[in-house]
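So that you can see what the record holds, here are the features copied from TrEMBL:
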TRANSMEM  B:15-34  transmembrane segment
TRANSMEM  B:46-64  transmembrane segment
TRANSMEM  B:71-90  transmembrane segment
TRANSMEM  B:110-127  transmembrane segment
TRANSMEM  B:136-154  transmembrane segment
TRANSMEM  B:174-193  transmembrane segment
TRANSMEM  B:214-231  transmembrane segment
TRANSMEM  B:237-253  transmembrane segment
TRANSMEM  B:260-279  transmembrane segment
TRANSMEM  B:342-362  transmembrane segment
TRANSMEM  B:374-396  transmembrane segment
TRANSMEM  B:408-427  transmembrane segment
Amino acid sequence: MNAPIRRLSTVVALLFTALLLSSTYISFVQAKSLQDRPENRRTLLANYARERGQILVGGKPIAKSTATKDELKWLRTYPQGDLYSHITGYYSFTYGAGGGVEGAENALLAGSSDKLFYRRVSDILTGKEQTGASLELTINAKAQAAADKALGNQRGAVVALDPTTGEILALVSHPAYDPSVLSSHDTDKVVAAWKQLNAASTQPMVDRAIAGNLYPPGSTFKIVTAAAALESGKFTEESQIPGPAVLDLPQTTADLPNDFQGNCGPNNKTSLTHALEISCNTAFGWLGMQVGADAFRAQAAKFGMGDRLSVPMTVTPSSVPAELNMPQLAQSAIGQYDVRVTPLQIAMISAAIANNGIVMRPHLVKKVTSSDLEVIDETQPEQLSQAVSADTAAALTRMMEAVVKSGTGRAAQISGIDVAGKTGTAQHAAGSAPHAWFTGFAPSSDPKVAVAVVVEDGGNAGNEAAGGRVAAPIAKAVMEAVLGK
Amino acid sequence: MTTVSSFAPRTRRNVELVLLLLAVGIVVLAYVNVGLSVSGAFPPGLVTHTAGLLVISLAFHLLLRWKAAYADPLLLPIVTLLNGLGLVMIHRLDIANGRDVGSGLALKQLTWSALAVAIAAVVLWFLRDHRMLRRYTFTAAVVGFGLLILPLVPGIGRTVNGSRIWIGLGPFTFQPGEVAKIVLAVFFAGYLVQTRDALSLAGRKVLGFTFPRGRDLGPIIVAWVLSLMVLVFEKDLGSSLLLFGLFVSMLYVATERTSWIAIGMTLFCGGAYLAYLVFGHVQQRVHLWLDPFAPGQSDQVAKGLMGMAAGGLLGTGLGRGRPDLTYFAESDFIIPSFGEELGLIGLFALLVLYVLLVERGLRTALGVRDGFGKLLAAGLAFSVALQCFVVVGGVTRVIPLTGLTMPFLSYGGSSLLANWSLVALLLRISDVARRPVEEVQAGPTPSGEAKTEVVAIR
């Protein structure tokens, strides 16, 4: 019986080898990903044991940790919670970190990021208490406040960018919420608030500016169609194109009418500039079909549509449908059909035109600093793509100036400063008022700020809304705040 | 090469004494470690606790010197160390959960440990030769099966955490399955020694395997049905696997026929698959095994995994982690608790201790001269290995989680009693195995059968 006993000992060796391997896999190979899981209470507790980094705007904290006497040694507070809720996000013991920079840069704020490795080692050696890194944001406090105030109680979003660097100057999504209620140490209150926020039909926890339900861009997307036409070389801003009251679409009985009654110019003809100025649907529908689906889609992609961006929060990619027949192409050329965008994407389009056709990578974090204000990392402006040539960008700028000077976007005029822009009124569901849009930049000669504004269901103006009436004044307020007017 | 008579016999009791003191030293060090990291001070009563531990282990050591001088010198130090470390971890969890020493689990576990050691001493005292047990083969069968079905008896059976494997008598609760494991090993050994010729020689050859005759399949079918019944009626996956694995391995050792393993594996896999199809609780376990993080199900495996991840390579240090966040941290999930605070390295050390324990048991099986002793020692040793595999494999996702406790480490009186008795049996068999032949023949009940077995091995 000795031979089988020896073989049995081989079986035992195999069984224990399996155990050694599995425990190595968990404790060593998988350890990092297990510790980063949001529901991992041990990681949360460890994070609460050290001071979390601040989130700063213009040197002032919009999220900070204050010492407490209870088991969780630090309480996260948000001095202007509602104003910055979609930027900071929340930091909750029960629900983890999420909803904004708190979630996206959790490792840096908590101090567990690999970027902080050498600092941690030196802290251990010098016996200094470890703290998380602080983040200085690119947000312009005045622009943020102006956007928040101008949007008021209307649902929607505002994004402002610095066109030359890609810095995000304002990021507002309404309705907002106060993240302080989620960071409270009173678990029952936190759970109740969380449930209420998530159940609310207005979805206050959705960041409409970069994520959430994408919007149809409406007429703001005519800029993309115009860019594609100019880039094709077949059209100039002065080209005369058809602009009838109703465009007969091929392959279908449906027609494409203008939003206003009548045609876009004498003899049903209009220049490209005039078509943009008065937001002529028929001219741009026709133009889209002339450009072709491939060139149209390619132009949209060059502006960043479909890119997976993180600012550092993950941005939902905007999209143009992959398959477009002629009528669908005509609809898409005026920003309807299944074109879906984030307000950030629309702001990036304006910013690219303002920046000689170059799209800059949008970002929210300017600097990462240690608790003693030493700079650990600084974001450098980065070029994403060349969307259009400098000449096309200049032509588009002139066309968009006309929109604000004498067209649909007059409400965005700022005295003494040239503003370029485009309005939009996006149909999105039968029976609902259209979304009001405005995008633009200023000063058009030396752009300092590019904005996009969307007001859901026309905001307080309801069915009477058009981008020019509802969204343009909000954009104006933000641009004025940035320009110090 | 393993026959004891080939070299000069040595009792090795002094080696055992040194190792035993080392084991006690490690346990005391761990105990001090917990006290220092939790409250920054030496634990109160350190001297009395240390003295108590020393008295218990040294008393057992002296008993071995007197009653089983040739017993394996590693077994006692290993189980003392495991039992002691388990106590420290349970004490540490008491502190984390706010239970004070008087009402904590550690004190209960300590009481059970003392009782278990006492019973093991009684076993060693009265069982002068393991072959005495062979007389009780069929008594063991009745008692073993009786213990297995005891939890199903209305009135005394208790369902705890979904498994009906407990009995309750007044304030006492007991898991008879643990004891049944040993009693059944005695039965299997006695039964297989009698029938091994029929089971190993007769049969047909198919595809290089010799398959047994249909009528010889009876015992394995009975064991299979029995283990399935444990699975179905007591909802205890672990005991079922342990019971059947024990029988198949002993059958294999007795008959030296690989076909029994093939048949056993086929039967078990078939039965387990059927159970998966039919029973919801088995499906739950399998789903939990495949994706422990899926929402809407128990997160006990996930919690354990996160604990181990928190420990990493070196561990947080005793008293510095949060093993109390894991469910059943002192019983089924004590391995993740150790993984968290002692790290992967500490976990490896524990597993190596178990490997040593099992290996000494199998070595005993090789060394002992009679077939009954060989089977019993191999079966008992392998049952420890299998139980470790089922428990650690369950929490580290090698196999679905089952409800077994880690021998000597986990909190639980029945488990301690059974496993200390198991070690007492192994000590007794190893004593007989390593004793010089003259002494064995001069010793008690030298049966004629033992002699023929010696010939049969060669």
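Backbone N, Cα and C define each Cβ position, glycine as well.
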Q: Establish whether the number of Cβ pairs under 8 Å between the transmembrane segment (B:342-362) and the transmembrane segment (B:71-90) reaches at least three, counting only pairs separated by 6 or more residues.
A: yes
Q: Using a Cβ cut-off of under 8 Å, list the residues of the same chain at least 6 residues beyond the transmembrane segment (B:46-64) that approach it.
A: 13, 16-17, 20, 23-24, 27-28, 31-32, 35, 71, 76, 80, 84, 110, 113-114, 117, 120-121, 124-125, 427
**Q.** Distant-in-sequence neighbours of the transmembrane segment (B:237-253), which means Cβ under 8 A and at least six residues beyond its ends
**A.** 148, 165, 177, 180-181, 184-185, 188-189, 192, 199, 219-220, 223-224, 226-228, 230-231, 260-261, 264-265, 267-268, 282, 285, 365, 374-375, 378-379, 382-383, 386-387, 390-391, 394, 400, 402-404
Q: Compare B:71-90, B:174-193, B:214-231, B:374-396 by their Cβ pairs under 8 Å to the transmembrane segment (B:136-154) and return the stretch that comes out on top.
A: B:174-193
Q. Sequence gap of 6 or more, Cβ distance under 8 Å, 3 or more pairs: do the transmembrane segment (B:374-396) and the transmembrane segment (B:408-427) meet that?
A. yes
(Q) Below 8 angstroms Cβ to Cβ, which residues of this chain, lying six or more residues outside the transmembrane segment (B:214-231), approach it? (A) 145, 148, 177, 191, 195, 198-199, 202-203, 237, 239-241, 243-244, 247-248, 251, 260, 263-264, 267-268, 271, 275, 282
Q. In the same chain, who gets a Cβ under 8 Å from the transmembrane segment (B:71-90) while lying at least 6 residues past its ends?
A. 12-13, 15-16, 19-20, 22-24, 26-27, 30-31, 34, 53, 57, 60-61, 64, 104-106, 109-110, 113, 318, 323, 330, 334, 337-338, 341, 350, 353-354, 356-357, 360-361, 363-364, 406-411, 416, 419-420, 423, 426-428, 430-431, 434
